[in-house]
Every structure is written in structure tokens, then in C-alpha cells.
Amino acid sequence: MALLVHLKTVSELRGKGDRIAKVTFRGQSFYSRVLENCEDVADFDETFQWPVASSIDNNEILEIQIFNYSKVFSNKLIGTFRMVLQKVVEENHVEVTDTLIDDNNALLKTSLCVEVRYQASDGTVGSWDDGDFLGDESLQEEEKDSQETDGLLPGSRPSSRTPGEKSFRRAGRSVFSAMKLGKNRLHKEETQRQDEPAVLEMGDFDRLATRLAEGMDPDCMSLASVTALTTNVSNKRSKPDIKMEPSAGRPMDYQVSITVIEARQLVGLNMDPVVCVEVGDDKKYTSMKESTNCPYYNEYFVFDFHVSPDVMFDKIIKISVIHSKNLLRSGTLVGSFKMDVGTVYSQPEHQFHHKWAILSDPDDISAGLKGYVKCDVAVVGKGDNIKTPHKANETEEEDIEGNLLLPEGVPAERQWARFYVKIYRAEGLPRMNTSLMANVKKAFIGENKDLVDPYVQVFFAGQKGKTSVQKSSYEPLWNEQVVFTDLFPPLCKRMKVQIRDSDKVNDVAIGTHFIDLRKISNDGDKGFLPTLGPAWVNMYGSTRNYTLLDEHQDLNEGLGEGVSFRARLMLGLAVEILDTSNPELTSSTEVQVEQATPVSESCTGKIEEFFLFGAFLEASMIDRKNGDKPVTFEVTIGNYGNEIDGLSRPQRPRPRKEPGAEEEVDLIQNSSDDETEEGGDLASISSTPPMRPQVTDRNYFHLPYLEQKPCIYIKSWWPDQRRRLYNANIMDHIADKLEEGLNDVQEMIKTEKSYPERRLRGVLEELSSGCHRFLSLADKDQGHLSRTRLDRERLKSCMRELESMGQQAKTLRAQVKRHTVRDKLRLCQNFLQKLRFLADEPQHSIPDVFIWMMSNNKRIAYARVPSKDLLFSIVEEELGKDCAKVKTLFLKLPGKRGLGSMGWTVQAKLELYLWLGLSKQRKDFLCGLPCGFEEVKAAQGLGLHSFPPISLVYTKKQVFQLRAHMYQARSLFAADSSGLSDPFARVFFINQSQCTEVLNETLCPTWDQMLVFDNLELYGEAQELRDDPPIIVIEIYDQDTMGKFDFMGRTFAKPVVKMADEAYCPPRFPPQLEYYQIYRGNSTAGDLLAAFELLQIGPAGKADLPPIDGPVDVDRGPIMPVPMGIRPVLSKYRIEVLFWGLRDLKRVNLAQVDRPRVDIECAGKGVQSSMIHNYKKNPNFGTLVKWFEVDLPENELLHPPLNIRVVDCRAFGRYTLVGSHAVNSLRRFIYRPPDHSSANWNTTVRLLRGCRVLCNGGPSSHPAGEVVVNMEPEVPVKKLETMVKLDATSDAVIKVDVADEEKEKKKKKKKGNSEEPEEDEPDESMLDWWSKYFASIDTMKEQLRQQDTSGMDLEEKEELDNPEGVRGLAKGKEKAKAAKDEKKKRTQSPGPGQGSEAPEKKKSKIDELKVYPRELESDFDNFEDWLHTFNLLRGKTGDDEDGSSEEERIVGRFKGSLCMYKVPLPEDVSREAGYDPSCGMFQGIPSNEPINVLVRVYVVRATDLHPADINGKADPYIAIRLGKTDIRDKENYISKQLNPVFGKSFDIEASFPMESMLTVSVYDWDLVGTDDLIGETKIDLENRFYSKHRATCGIAQTYSIHGYNIWRDPMKPSQILTRLCKEGKVDGPHFGPPGRVKVSNRVFTGPSEMEDENGQRRPTDEHVALCALRHWEDIPRVGCRLVPEHVETRPLLNPDKPGIEQGRLELWVDMFPMDMPAPGTPLDISPRKPKKYELRVIVWNTDEVVLEDDDFFTGEKSSDIFVRGWLKGQQEDKQDTDVHYHSLTGEGNFNWRYIFPFDYLAAEEKIVISKKESMFSWDETEYKIPARLTLQIWDADHFSADDFLGAIELDLNRFPRGAKTAKQCTMEMATGEMDVPLVSIFKQKRVKGWWPLLARDENDEFELTGKVEAELHLLTAEEAEKNPVGLARNEPDPLEKPNRPDTAFVWFLNPLKSIKYLICTRYKWLIIKIVLALLALLMLGLFLYSLPGYMVKKLLGA
């Protein structure tokens, strides 16, 4: 549907002047072109078109206004014409001539002639004659266009329309406004679109102002539109779209760590399995386990890589199990499992933990699964920290099916599938060898060949296949398919398709394309299998000119961003799921290459002619290296336009004259003589004329285009697949909008603007309407022939996704509340990722556009613009985001040259206008250019209207002045070796540049300088410049003494524009200072605080501009400061500095630092510390607190950084800078005096934070103001609901019951063991520290599990800041607590007679400690509660992003603190008791005199160490360093262990502050050579020692004076409590009646007596004191969490591999001051010694054993049975019974005893064995293996190997109880299909019964192969010694001989017996028959023998 208005003429005008017309319909206006100097008749003759969404009503109005145009002043209205469209609607076509009316509705003489047509939705249209259209396109085209527009908008759904439909207009200019094309005016939720210049002329401005005033909902106002009405301003905060450096392709460190734990259910009999782990090309093997199909390995492998992410994530991890591999033979593959590294990396935490990999046999796909391998796989990049789940005893029964090694959403049963990659043909290949050889050939043979021999290679899942080679062809035709067989869905994300050039020496890649399988398939329930094409894919890589050594070859391999088009390949992909039961199936997975059926040429779409137009409006910032030669710019699309090395000329289809005449004409590629081909066709001009650059300043040049702007245009032919790009564009638009909105919201949260939730609601509203719009637009062109299956499926799935996203956005919008903004923001980020993923189209159509800067015919630098961004469409959402817009492009160096610091300098900055579309839509290609130009055509083309210009001449120019207010920058890059810089900023605008002054030695310069750029000439219409001014580039440099500048970063900004006729007044002026993020390459390098304004100079000259007031700064020379209204408002602050000390200062210029001093500076003011006279002796400062006053901005976000600099005072008054630190945000140090009105809320929050304990509010009987915390266990009653009653005096009563051990025990005893035998109470004497440790780890795991399930809100902490959040939060927390407490109640006190529950059995018997899964610091805020550590930096920041880390620049640490507050303070602060004025705000700080401390380090164990030896193991030991003390525990190294248990404690005496950094390292012991460092961890003891959290010695859970839980601290709880109260000036502690203590207004109650060693009970206050300590955070004012008794887990790091964890160490540190009573002896945490046991197994009988042998004589089935058994491993201790020969029934009798002595660790349920790994091993290695007894039955053979018949493996901790008789013994007992009670030999001690023995048959099914009757008897070593027995049937306690039947003899021992048996019994009749037969044969023989003789006698009658 469209309304078309043809404005013909306006006559009877008065006077002479420039006229312009404005046509408005539904609030959308168009302007005509300006008719200059016309007198009484203005002949406009222009057509305007509005695509309309809803049918036009009879009463709608069209308005035409005619103005006198003025360049400078506002246009003057001549008259208006309004017309009601009733007649138009009825007749669809009306022509009118009518007079105009003036402002007062009076008639004028002036008349106007206009024709109006309306195309209604039914397709009816007014009559047109062809002449009305410009150009000679036929009518059908036009109708097609209008039909396209018809499909845009269904019905009238106002919701589905976005504000601002792109209007489209015939002829001349169109201007886009932000009004909506619906009938309704702008809905108040929807603001002006950011990307489009609003047309703000004359009345519009007022209208906009009123619209803004009408109270547009703040939801939808973009920040940008509030700060300025410029376009895309908000983009300056998001990363500039100008990516200066490709990040991919740069190598990084990666570490893949794989732990192979065990394998189960391996298929095969009696195998010796080895697991091979392969990553990429590296292989590692586990050790071999003999004769088992469930081997246990627990071996850890690490693979290190230094490659780029692309290469890394495509590497394949392959885990395979190999059977009987040894030195001589490679073994046979049982099965393997493959997955790529990317799949692991995309898992949460980048790892799979304890998952089972399914093995399958690649050579036999019809077979089922071959077993499982349990492993951990983790991939760590630099800086990723992996949360390793805590390694505790893995005892829980494994659920294999539920824990498969597969990503989320992949089905467990994967099927085999064939992947067919069909390679059809390629086009546009570059030449790949020199033309020299070709010329020689041509001379001799006369043939002219294409110089490339291409073939295609496809890599997938570790396999590769390749097509045939097509000799010398630029357009090879293959029609082949490469077939891969793999499991589906595959665990490899990408398929790599590469065109390679076959060469005798080495093949090289021409181009690479990756097919991302996730993009071409969908795993949802309405999903589809991977499918692709047939479609073209474009390949990009290095430049096309051939050189022998191509420096950009990597680009052709697919690494990094391609800098040129290489070729395009037509391919297809299909997947077929195989039916593996089908017998004809080839079962191998080898890659096959076969012929594919060719497809027709048209299948990829009809070839259309596309037209690309570009205009270069500005070329500046050209690097000075390229400044001396003329510069030209070349634009290419595919090979079109590439004149230097396009070479294989692209052909263009000629319009077909007759079928068969397929001659093709080469494109005329000549820019000089613009010939025109037949039909007035135009040649392409793809490069600008050469021009010599002019100097801008020292670094940059520019091209003086001035008013003449060169243009380029290229015609090219591509398959018409615009629909794909359109759909992608619509999604990109939605995503861009969303991203901009989310950046706004984040910015609002960051800068604490009000109502971010409203803006987020607006963003979601926009998102849901965008999604609906997609649904209405995307579903066009359904019948398109060339749509592939992927197109259809993708469209369906995109529509489903966007529909659901729209729904979710709607529901989410309703849920956005103030306190949930952050959460919802995270969810929206997911939307954004999904949109970006969906918008990426896997089937390419038009290649990207490259813009190259050429100098001297060499390619220097390039930019690449995706073609979809330039694609034109009449529907605005489908329009590419840069189409018909002026885009700023920064050219960069190609390939590796562009990496690193080289890539940071801008090679050139272009202002470029681009338009790409079908040639037939070409008439609008100039529509987005700035107005006011004339076209210059090629000479011949004058007669042709449609000819594109070769250049544009601008006749209009405006003069402006730019004011850049450069206030300050912060956190800049350190460019000098001192760790500081001498920064200055250079501002570029068009072709001018200016610098600020240089400020020396700072990273936070405050320039406070205004730069004024005068006489800026900008071309184009004033109005457009106002809405879209050019971009400003600001670069920061470091001035060097040698005069060279170092680049430190750059940022981009857009100025706020003021036209000459606007007032300089709020809201837009004066502009506000804003932060602009500075980028250096891809990394951020600080912020710039500045404002920019662009002021038009009117006819009156500069007099009209706001005056530049403010003094020229006298001190600084002619430098203008930032004027008043712009610089921030200041107020007076006092900054107090606590100087504590300096630590770890490194040498400066090889000299040691001896007399350091600290200088603090902020905003030009500062203070110096006292000097440290002898740094070695005492590195602490004498004077602790100093202060200074300074004027700072009121707005805290604008506070300048505070600089800390440390200098060393040398002799003769010299100073050397040691290092510096910039505190970028002072906010955390701001002290705000308490606001007494809200005091009660503070305590409330504290209380709620603190009471993690159960809350039972009973009726309060305590004096007001007391809070009772009750520790007495109560009788379990039905508990009341949690009630916390709080009011101003806060007399809350909180009762906490933590059940006491004794009572708990008594309660249990009363309970009676009615239902199940209760577990034994652990005996106190049996428990040790490790019992406590393991119990705690179980608790920790349980907590982690609960956290995962409940997902408590992370945001709670943040919300405590705003009082509004607190109320809601209090409720939320109470609920959460109540829920947790429910759990506690359930576990702690089951009522009488309930029976014991499982969790309760385990818990609450053993006291626990807290196991922190990370460093203690991270839980206690680095112990910086009052003492902060500032790292001092020195030296340049590393250039290489990942090369040098912050660590290497640290030269020491300053300890101290800051406190800033507005002066004056309220008096009451200083009136508090004990206020010491000299300390200012730092009250109650300990002295910093040196102090001696005993440091006690307990090292528990290490996990996942990085292997250090060749064998993949390490021999770790501990080394501890503190000050001068260096302990190396070398002799106690642990052999070949990566998870060693150290269990040691070390005592060190140290004196703080000199020795305060403790380093605990783990080294690898080597017999020869030095020991290698595996990793180390550093702990700052001083911060812990002085922290208020009391980290010197953790507070235990209970107080006891003996046993495993003995109190470690020399001070008792009551003493500690007294001391804390004294230090915190708290009233107390008052110990009341026994079992009660009062501290401040809190009362704690608890047990009042304790047992000593002899079991005597005596009264004590310690329990209640301990209770008070454990709830110290509830004490008002001074309360804080005290560090509990704990073990912390610290990552080990190695300086050689920065950022990558090398393992973890569990330890804790106690510190005791030497002037206090000495602590007791250290705890004994030495590792538990395994206990010695002896297992006696008597094998009594077997039954139903399968019969394996056929008898030699008789053919009867029998078996010679013997039983083999072992416990630790077949090699070590296997034992065999004797053989029961010749069992005919499968019964065997043995009465045979095995004896297995073993060492057993009960806590870990493992057997410990020590053995040498090989004969060459130096020492024994300790292994821990599960306690499993294996029994096997074998058939003995004399001459060949014995045959394995069956086996069973019994886990001694839990195995099925044996059956009473052989009959009851079934196979299900072992497979777990039958519920059999499980027993543990460690509890039962003696078990006897029948067990089934199993083996697998050919189909891998289990079958029962026998039964064995055995008796197991377990004794401890002592019992076994007292009661010895003999092996086999020997003394002592011999077993009787088995009663074996007669048949069990052996024939060669008793031959007569066996012969007698054979003859007499078995074969009697057989023998008789044989004898008779033999006699008969003898008779026959004799007869035949004598027959002739008798015959003769008879005949002769003798």
C-alpha cells in the first residue's frame, strides 16, 4: 500500500527567490529540491511516496507547504495547501489545482497543481503513464517494488510498527523523520530513533520540544537523546564500532588437563586395558591394568599449548581404550570417544567433572557401546580460574547413565550418522604460481593455462577427506562429495572446508571456510538436522597477488581476518542418520569420496546485476609513512573492481538473446576512458584518482578533497539471495537497538542515574515490538525457487525464537523492578547473544566490500565492510545499517602487520558514503548524501539521466567553530620506564588537529584546557550537520625527551552542534563533561573527561558566538581553561592519609631503596609522609596520620584519581621515583557521617546479616534493648515461625539452639534401635583431626549442592546500600533463613521414635571446621578492613596484550589507608569517648612498632598438581619461605603423586613488619639436576595479623581441653572476648548467672559446665564466651565476622606460566605474638597410616561352570576348572586353586584358601600399595586403589593358553550378600538388577555364600558362566598373627581334601585306568560295530582279489 503525490507546479508566486516545498502526510515530511532564482512559476515536478501500514481513512489530510528558502536563516512560509483524502480513497487517483492559504487561513493568489494516487491493499492502483517515472524501467518493476512494500505491514497493528519507518521517495533527496507512518501519533513509550537525523526545521523543533515536554516516559529516552540530539551518541560509550585490531589469531596459553579415573563395562574377555588420551597430535598413555574389564587408574595428564583460540578450539580430544598394548605391539582398539576442545571450553567452568565417556568402535558402527571411561576434562586459558570441585572421598555409588560426558542437551544414546559434504564448484580463484613459467610454456606450446590446480579438503572431527585435483582451472568443477561417519549429534562444533592448491613441493591453502554446525541445525523438538545449500560460501584471505612466500598465508588458513576476497565455493551439506541394524551397511568410519549429482546453475538463485556506489567525502589521518607518494583508494566487491590482481576476470552474464548463445563479455575494467557498452551500459570505476596528501601535523596527512568529492561505482553480478541478508539485517537492527539500550542501562547504573529500570522496560518494550515486526516481515518471498532447505528451516526456527523472545521480553518487562534490574540485565544479555547468533547467516550471498588504500601501486591498508550492512531495501528494517549513510572507516594494516603496536596507529580515516543494491533500484543511490551537491558525470554520459557521477561538487558549505573542552584523563597507559607518562592529547577534526599541553610524570593528567578550532568548513546542509556532525578523534600520546611520541590510546566523540539561529541555553548548552573510554588496540587504556561543541558561525561572524570568557591562565601562558558552566562545581574535602609502611621494594637502577618516602597528590594538592630512615631495619612510618584539604567536584563520579608515589631520598638531595599507584575511585574511602534518623535500620540489617542461626521469637521478658542469644539445646517442640521483632530500641530476642553433643547422644540412646541397627557411635579415642576434616568436606559439598539448587540472590550485597532495598530484603532473607532452618531442624532433632535419618547419622557427632574452597582473603575482603595494600607499579605497561602482566611491573607495596569527607564534620563525631584528635578518623589503630610472632603453617595436602616429570607424575615436597627463613622439606618428598597428602606443620619465628610475606611452594624432587618449582602461593601475614576479623588463630566450633578437638589458642574464649570488648570500647562482658553472658545489649546463653580429661564435670564460662565470639558480628558498632577454625584452598601459580593454575594447596596459618603466653604443641595432622588387614578367602565349590573343551577321544564337553583370585592387582598377588580336571557337569570342588594381606585407609576406602613402577625406578610409588576382590574361573589347557570363563568383582565395602544355595544364586545378583542386601566385609568380618560369575557373549550381553561358593574372612593384622592359617590346604588349620568324582583323573597319569574306562564303558558297542565292519570289508577285498583267477579257471574249464 502506498500513497504517491506528484507535485507539478506552483504558480503566481511573488518576487524572485529560492523556493522549497514540504509535503507532509501522517506526520512524515518530505522536502523537495530547492529551485533557485525562480520567479512567478516554480516547476517542482517531483514525486513523493509513502508506504503506508494501515488503510487511509476518508478524513485524513495531506498538507503541502511552500517556503522561500534561505541558506542561513529559517525558511519563510509562503502558503499552505491542505487536502482531505476522501476522494483519493474512493477513486485512487485525483488531480487538483487549488490556491494556497496563509498563516491566518486567508486565501492567496498563488496556486498549486498536484496529482495524488493511492494504491490500496487490494492492489488496485491509479492509472500511471510511464513518463511519470524517472529512468526507463518498465512498469512491472515498479509494481514489483510496490508489491514488496505491500507485504510489509499486515492490517493495522500499531504495536508491530517501530517508530520511524524509512520513507522512500522518487527523485532527488529524501529526508527521514522520526514520525510514525501509522495514523496514531508517536506513542509516548517510543522515542525518536537514534540512527536517523530528525528533520528539525522550523516548526518541527517546537513540535519536538513540546513532545519532549509532554512527558515522554523516561523509559524510552535514550541517554544520548537526553544529553544531545546527535545521532548515535550513546555509541561513544559502547566500544566504538571501529575495531582497530583483530584479536583472533593471536596465540595464547592453554592448558588441557584430563584425569582418567577408571573404566567400567569394557567389552571383551580378560583384557589388559590401557587408556590413551590424545589432544591434537599429542598422545599420552595410562599404565596397563591386567586382566580386568573395570580398571582403576586415577591418572592425571596435562597438555600445554600456545596457539590461537581458533586453532585451540578445533583440536580434538580423543580418549580411547586399547587392549594388550606392549612395547612390541600396538594393541587392539576397544573403543574411543571424541570431542573438540571448544565443546569443553563452552561448558560452565570450562570443564566436565567426574563424567563417563561412552566408548564406541569407529571400525564397527553396528556394534553397540564398548564401555565407559570416567574422567575429568578441563580446558584453561590464561586468566580463567577453574573451580575444581573439592577432592574428597568419592564413595557414592556411580550413576553412570546420569553422568555422561556430554554437553547439556545431547541425548545419551547418540546414533551413527553420515555427513555428506558436497563440493560442486568454485569461482574466482587467484593464480597460485608465477606467470614466468606460464609465459615460457605459452611460447613453446602455445597454450595459455590458468595458473592454479585446486582441490578441496574437508576436516571434521579429527578426520579429513579431499576431492580430486582439477588441473589448471580458475573455475574448477568437482561435483564430488566427501562422506564422514560419526556419532550424531557430533561433539565437534566446526567443519573446516579448505580450497588448496596442489603443488609438487607443498600444497598451500587458497582459502578456508568454517561451517559452524550449531548454525545449520537446531536441536529443539521442532529442530532439524544439519543441512546447508547448495549455496555459495565466500572465502577471504591474503591479497591476491602471488608471491613465493606469502606473509599473510595464515589468513588463508582461516586465522585472523581475511584482507581480500580469495574465491567462492559452492557446497552443500546433508546428514543421514544410519540404521545400524541394516546388514548392507559398511561398518567402517573411514572417510569416503564419491561422485555427487550435479545441481543446476540456477539453484543458488537468479543472477542479478548489483550496483555499488561510493563517495569519498574525506580522507584524513593518513600515516606519514605514506605521505610522500600520491594515494588512491580502491573499492572491490568479490573480484569486481580489483584492477591490480583480480586477474581471473569475473564474467558477467549477457542478456540472453537466444538459448545457446552463451558468449560472455569481459567487464571493461578501465577507469580512464569511460566507454559505454551496448545499451548505454556503464563501465565500472573502482578507484579514486591519485592525489598527493597534504600535511595535517607531525604524524598525519590528509587528502585535500575540499568541495570536490571523488566517487566510485561498480557493477557486479551475484545470485539474488537478498532475502537472507534482509532477515539478518532485521535481526541485527533489533540487536543493535537492544545493545544500545543495555549499554545505556549499564551506564545509568554505573553513573547512578535515576530510574534505570524504566529505561530497561523501554528497551524490552522495543525488543518485543521488534520481534513482532520481524515475524511480519521475514515471511515474504516464500515461493522463491532458490531457497534451500536451510533457508526454510532457519526461517522457521528464527521465527519461533523471535516469537518466544518477544513473549519473554513482555513478561520480563513486567518483572523489572528497581532491585532486580541487574538480574534482568543479565537475562537481556542472553537475548542479545542469541540475536547475534541467529543473525549470522551461514549461507553467504554477496561477498564483503574491501576498501584498499594504494600508494605507488602497493596495497597499504584496508577496511572490510560486510555487504549486508550496505544492502538497500525499501523496507526500512531490512536496510543495511550503513546503506546510504556516511560511515567513518579506519583503515588498518593487513594480517600480522596489523597486530600489536603497529596496528594501533591509524593508517587512514575515511568518511565514506556507500550504497549497494540491485541495478534496477538504482535511482535512489544518492539519497543519503549530505545535501547541496552537483553531480559531475563522465563526459559522454550527459544525455543519460541514470549515469552515476564520477565526482560530486558541493556548492553549500557552512563555517563552524569547534570547542574541545579537555578537562582530564585517568588511568592512562604507562609509557615510560618510570611507570608514568608525559601525556598530551591531540584532537583531530576534519583536516585540522590541535594538542593540549604536555603534563609531565602522571597517569591522570588534568589539562583543564579549551582547544578552539576556527574556520572549519563543512559541506552539506546546515540541518544535516546539526543532526549528524562528523566524528572527532582524540589520541593520547606520551611525549619523550627524544622528541618521539608514543601512542597511548584513542577515543571517539561527537560534538553537540549549535546552529547560528539557535540560542546558547539549556537543556543542550553548555554541554556536560562526559567520560569517553580510551582504547589501545582491543584493550581499554583509561578514560577521558571532556566535552565538545560545534558552533555555526553566522553572517555576523564570530560576534554571535558565546564569548570565550575566563582568564587566559597567567601561569600557563596562552592556555584557555575550560569555561565556567562546563567545568564541575567544587566543594571542600579533607583527605586523611594513614601511612603504615612500605613492603617488598625492589631495587631501583640496581641500587637498594634505603630512605623511602610517600607523596600523596590529588587535584594539585597533597601531603608527604615522614621519611623512613632505614628501610631494612624498619619499613614502617613514624608518623601515622596526616591530612590535606582539597577542592573536589560535587559529583563523585568526576572525582580525579589520587596518586601515590614512592620516592627514595638519595644523598645530595636527589630523589628517585621508586613506583607509583593511582587510586582511580575514591568512593570506597569516602566517610559519610551517620544519619541518625535511620539508625535503627542499620542495626536491623546488621542483625539480619548476623543471625544465620535459628530464630525463635518467644515472648520477650528481657529488659528493653537486650538481645538474648540462647545456646541451650531445647526439648524438640514444634517450633514457632521465625519472628524478629525490631523497633527503635531494638529489643530483639533471638534464641539459637545448637544441639549439644551430650544431650544429642542421650536422646539417641533413648530412641531405641527399633528399626535398623544404628551405626556405632564413633569412639572419642578413634577420632582424629582427619575425621573432623573429612566430615567438614562432606558438609561443604552439601552446602555447595544446596547453593546450586536454591541459587540465592547474588545481588543482596549490593542492595544493602539503598534503604528501599533493605525492607524487601529483610523479608527475603528471613524467608530464606526460615527455609534453611527448616532443614537444620529436620537434621538436628528427629523426634522420639522417628528412627534415625541418614543425614543425621553422619552429622553432629564430630566437631567440624570450615573448609574454604578458595583463599581465605576472598571471603574476608582481603583483610583490608582498615589497612589497605596498594601495589606500586613501575615500568611500561606491556605492549603485547598477553605478554607482560601487571605482576611483573609491581615494584613494592604501600600499606596504609585513606579517608575523605566534606569539611566541616558534624561535631558529634569528635565528641565520642576516647577520640584521639591526632588520629583523625583512624581511631583505635594498633601501634606499628616491630613485633615478634610465631607463625605456624599447617599444610594439609595438594590436589591436581601439574606434572613435572616425563612420566606424567611429580615427586612433590613443600618449601616455605618467610623473610630470611627458608625451610625445604626435601627428604620427605612424596614419590610419583599429583595429589599428595602432606599433613605437616612448620613453626617459624618472624618479626613484622620486616618479614610479613609468607611463600609456600611445592617443588618437584629430582634425583639429578635442580628441583623444579611446580607452583607457589603467597600470603600477606601482616594484614591478617592486624585485621579486626582476628585471623591469627581460627575460632573453633566448640571448646574442649582434650581430645582431637583441643583448643589451639593460648587465650581462652573468655579472655579473647574480654580483650575484644576492651579494644572496641564495648560494655562487657558481664558473665551473669552460670551459662549467660552480656555484651553491649546482647545476651548470650549456653552450656555452663564442661568435662575434663577424667570425665569430671566442672562449671565454666568458656562455652557462652565462645558463643558470643561466634556471633560477634551481631554486636552493634564494632561487630564483624571472626575467622573460624578453617582450612583454606589456595591456587598454586608458576611465574613461568602466568595466570594458569598449577594445582591447589590446602593449608592454614596460625600466628601467636611472642609477648603472649606460648601456644601448645602443634596439632598432629600427619596423614593417617593405613591399617594392616588380612583377607582370607576360601573357595569351597563351583557349580554350573560352562563346559569349554571337547574331549579328545569321545567328543564330550568338559572343563578343567580352576579359580583365580586377587585383591590388589593381577601382577602383585594373584592366587590360583589347583585344577579340578574333567568336570562334566560344571561342578568343581576345591576347599582352597587364599590369603591376601593388605593396607587399608578406612577414611578414603582405598587399599594402599607401594611398589616400584619399573625396574629402573629409584623408589617405590604409593598407589591408592579401591578395595575390590576379583574371582575368576578358568579352564586349564596344557598346551595352549588357559581359557577365561567368567569373573565377579566384589567391592569389599558394598557387595551383594551371597546366596544360601547354588540354586538361589542368579546372574541378576551381580548386574544389580535384583535388590540384594549389600554388605561390607569391614563390618560383617565373615561372609559365606554363592556368587555368580559372568562373562560377555558375542553380542556384548552378560551371560552366567558359573557359580562359586566362597567364604570371606577379614582380620586385622594382630588378629591374623594370633590365629595363623595356611595357604591352599596347608598347615596350620588345613582344609580337607576335596571329594572329587572319578572322572576327574588325568589320562596320562593313569593310562590303563582310562583305557579300561574307554573300552568297557563308553565305547563298547561302537568297537564291536567297527570290528564287524572291518571283517566285512576284509571278506569283500578277498573276494575281489580272487575273483579273476576263479573266472579264468571257470572259462578255460580247467
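Even glycines carry a Cβ here, placed using N, Cα and C.
Nobody curates TrEMBL annotations by hand; they come from automatic prediction.
The domain 'C2' annotation in TrEMBL covers 1-98 (among others). Assigned with DSSP, the residues of the domain 'C2' (1-98) fall into helix, strand and coil as follows: 6 helix, 60 strand, 32 coil.
Look at TrEMBL and you will find 128-169 (among others) tagged as region 'Disordered'.
If you look up TrEMBL, you'll see 129-145 (among others) marked as compositional bias 'Acidic residues'.
Per DSSP, the secondary structure of the domain 'C2' (236-357) breaks down as 15 helix, 60 strand, 47 coil. Annotation comment: TrEMBL describes 236-357 (among others) as domain 'C2'.
The annotation domain 'C2' is assigned in TrEMBL to 396-531 (among others).
Look at TrEMBL and you will find 642-694 (among others) tagged as region 'Disordered'.
Annotated compositional bias 'Acidic residues' per TrEMBL: 661-680 (among others), in sequence order.
Taken from TrEMBL, the feature domain 'C2' applies to 944-1069 (among others).
Mean per-residue pLDDT, taken over the domain 'C2' (1115-1242), amounts to 85. According to TrEMBL, the domain 'C2' annotation covers 1115-1242 (among others).
Under the heading region 'Disordered', TrEMBL lists 1301-1325 (among others).
What TrEMBL records for 1315-1325 (among others) is compositional bias 'Acidic residues'.
The region 'Disordered' annotation in TrEMBL covers 1345-1406 (among others).
Residues or ranges marked as compositional bias 'Acidic residues' in TrEMBL: 1353-1362 (among others).
According to TrEMBL, the compositional bias 'Basic and acidic residues' annotation covers 1371-1384.
The domain 'C2' annotation in TrEMBL covers 1465-1594 (among others).
The feature domain 'C2' is assigned by TrEMBL to 1715-1866 (among others).
Across the domain 'C2' (944-1069), the DSSP tally of helix, strand and coil residues reads 6 helix, 63 strand, 57 coil. With pairs at least 6 apart in sequence, the domain 'C2' (1715-1866) and the domain 'C2' (1-98) have fewer than 3 Cβ pairs within the 8 Å limit; the two do not touch. Between the domain 'C2' (236-357) and the domain 'C2' (1115-1242), fewer than three CB pairs separated by 6 or more residues in sequence fall under 8 Å, so the two stretches do not touch. Residues in the domain 'C2' (1465-1594) partition by DSSP class (helix H, G, I; strand E, B; coil) as 16 helix, 53 strand, 61 coil. The residues of the domain 'C2' (1115-1242), classed with DSSP into helix (H, G, I), strand (E, B) and coil, number 16 helix, 56 strand, 56 coil.
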